[in-house]
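In what follows, a structure is listed as structure tokens, so that the remarks can point back to it.
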Amino acid sequence: MTMQQRRALLRVCAVAVIASVVWGMLVFGFYQIARRPWVSRGHALAAAYERPLRRAAWTFWGLLTTLTWLAVVVFLRAQATQKALRQAEWLYRRLADISADVIVGLSPDGIVQFVSPKVLAYGYKPEEIVGKPATEFIAPEYHAQFAERLAALQRGQAVPASPLAIRTSDGQVAYGESRCFGVYEGQQLQSVWCSFHDLTDLLQLNRALQEQANALAQANEDWAMTYDAINAGIAVLDSDFTIVRANLALATLTGQPREALIGRKCWEILHPDATVAACPFHDMLRDGQNGAQEIALPDGRRWMVRAYPLVKDGALQRIVHTVRDVTVEWQIRQLTEQTHRLVTLGQMAAGIAHEINNPLNAIVGMAELLMESVSDTASRQLIAAIHEQALRIGTITRNLLTFARPRPQELTPVDVNGLVRHVISLSEPRCRIQRISVQAHLQDPLPPVLGDATQLQQVMLNLVTNACDAMSEAGGTLSISTVRDNRFVRIVVQDTGRGIPPEHLPHLFDPFFTTKPVGGGMGLAIVYSIVLGHGGRIWAENRPEGGARFVVELPAFIPETQQDTDPSATAAPSRLRLRILVVDDELPFATTLQALLGRDGHEVTVAGDGDAAIALLSQNDYDLILCDLHMPKVSGDRLHTWVCQHKPHLAARFVLMTGDFLHPAAQQAASEWHVRVLHKPFRIDELRALLHALSPVRRNDRHNDA
């Protein structure tokens with residue numbers, strides 16, 4: 001109790017004491033006044049009533065004193081109660097002032113009776129709200145809920161906290177949580193007190209966080225989709241080289257479920273036969289360096305593996321491995337290297353063949369001269385053998401040139417049945433060894449196809465070889481049939497082997513696709529390209545009874561007219577005496593040719609190079625010019641250009657000779673310049689046939705000269 005409270009209590013007690021004294025004085029004063037008449041008169045009853053009267057006075061004074069002190073006690077208690085109420089009200093208002101919530105006091109029917117100053121934050125003054133229905137300040141969508149809560153309080157029911165939205169003075173909406181309770185007198189609701197806790201900022205923050213979470217989830221989903229969409233295998237490793245994440249491409253490459261890769265060491269996946277010490281990335285990753293390594297797998301595939309360490313604060317945190325299947329690229333590299341070797345070998349072969357052809361042509365010519373000069377039968381047989389073997393060498397050099405420079409496609413009518421019979425004859429020795437019987441069902445007559453016989457033979461040989469490979473273990477039957485199908489000629493090659501797995505059928509004609517343990521997988525791709533280049537189509541299928549079937553369709557060729565053979569075109573020596581210029585830097589060959597043509601009665605002049613030929617042509621005309629293609633200084637094609645410019649009337653009499661019949665200049669001379677080309681080594685009969693063909697040209701020239 002404070003000093004001030006004590007003084008107040010003493011003052012009240014003093015007042016009570018004074019009141020008691022006053023009450024006593026008044027009571028005893030009245031007592032004296034009351035007893036005086038009785039005593040002065042000597043009334044006989046005065047003595048009898050004095051004591052009871054005195055007792056009554058004391059009793060009355062005691063009663064007044066008691067009432068006085070009771071009044072003091074009641075007063076003090078009332079003062080204490082009022083003070084407590086004032087303190088409680090002061091404390092409540094202080095709490096309402098400092099509370100972060102809006103405190104509202106309502107009548108039972110929802111009229112605002114009190115509102116805390118916090119309402120100022122929403123643009124209202126307390127006096128603007130007091131006396132008005134609370135629903136004027138509540139968002140419309142919450143009116144029904146507020147009415148239900150008010151009705152529940154009127155029924156004496158407690159209501160839980162619930163969401164609420166109030167309208168601010170500027171028309172905005174604030175969202176929060178409301179708690180309400182009722183003040184009752186007995187069973188009667190006297191007032192309702194509510195608090196409004198504003199959650200607008202928190203809700204906005206939650207909304208922003210949710211949007212960020214959604215964006216992050218979407219970004220993670222996009223990243224995961226992108227991660228799995230990359231066609232290169234990707235593995236994320238921890239610092240101990242354990243796979244913690246792998247994409248779909250890596251699972252596809254390894255042939256294992258993605259879940260089976262997680263938690264395994266990287267070397268168990270990339271090179272399972274090696275140890276961590278043999279890992280090519282181990283040391284460089286520890287040093288924070290990027291690395292790349294091509295790994296050869298036991299099944300023949302090649303992987304290019306790259307490693308990227310992720311270092312933070314000087315410590316290795318994560319490692320990213322990328323894995324790409326480079327088998328096709330490796331095969332292309334191998335094929336390119338092989339091609340380069342073949343090109344080099346081909347260039348050497350072409351050079352050798354060209355150098356051989358020049359002396360070889362002289363040998364052939366001299367042998368023919370000797371055969372015509374010698375009458376002894378035994379000598380003629382020996383010379384004929386030399387001639388035959390020289391021609392055989394010429395065939396070999398032609399094959400070398402064909403290998404060195406693939407010849408362009410020559411489209412001629414091709415007898416398909418004859419082609420099939422030839423391929424069967426080539427394949428029969430192998431078929432006998434592998435216990436494979438060959439059956440041919442060839443439609444006759446069958447129209448030809450317009451194509452390159454060599455390329456079509458390559459197609460048939462490849463298909464027959466594949467069929468024999470499919471039956472190499474147990475033998476079987478190889479069947480080849482031909483049939484005309486409207487405007488097409490169909491060739492069917494089928495076997496009784498193991499067939500083709502259905503999953504391989506769509507890829508049979510893809511480059512580098514093969515099911516054989518050896519081979520580059522280019523055979524059927526080349527076959528497909530050749531057939532397509534001939535305007536045809538090819539497909540493969542499995543036979544119901546077992547084995548595989550390849551079908552080739554090519555457009556049939558029906559010639560419109562048949563050209564008759566000119567019976568006069570023989571290889572007999574020309575009866576005209578021609579002036580011939582032979583231009584060749586190989587003098588043995590040139591002199592041999594001069595002797596051969598001289599025996600037929602022709603006048604032959606030899607020029608050792610292009611310059612000498614130009615000098616002779618500047619002064620003379622010739623019935624025929626036989627010129628070598630490859631010469632130093634002025635080559636044969638350049639000499640032909642000079643003739644066309646300076647003596648165009650001799651251009652039709654110009655003939656090129658070459659041992660490199662696939663050289664671009666020789667091809668251009670034949671196709672574009674329409675110059676006749678003699679392929680070394682040639683026989684004298686070929687040259688005589690050419691002279692016979694040129695005889696009409698010479699006769700026409702003589703007629704024009706006349």
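Even glycines carry a Cβ here, placed using N, Cα and C.
Marked as transmembrane segment by TrEMBL: 12-34, 58-76. The domain 'PAS' annotation in TrEMBL covers 122-157, 219-273. According to TrEMBL, the feature domain 'Histidine kinase' maps to 351-558. Annotation source TrEMBL lists domain 'Response regulatory' at 579-695. Per TrEMBL, 4-aspartylphosphate is recorded for Asp628.
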DSSP-assigned states of the domain 'Response regulatory' (579-695) in counts, ordered helix, strand, coil: 60 helix, 24 strand, 33 coil
Counts of helix, strand and coil residues, the domain 'PAS' (122-157), according to DSSP: 24 helix, 2 strand, 10 coil
The domain 'PAS' (219-273), counted residue by residue under DSSP: helix, strand, coil: 27 helix, 12 strand, 16 coil
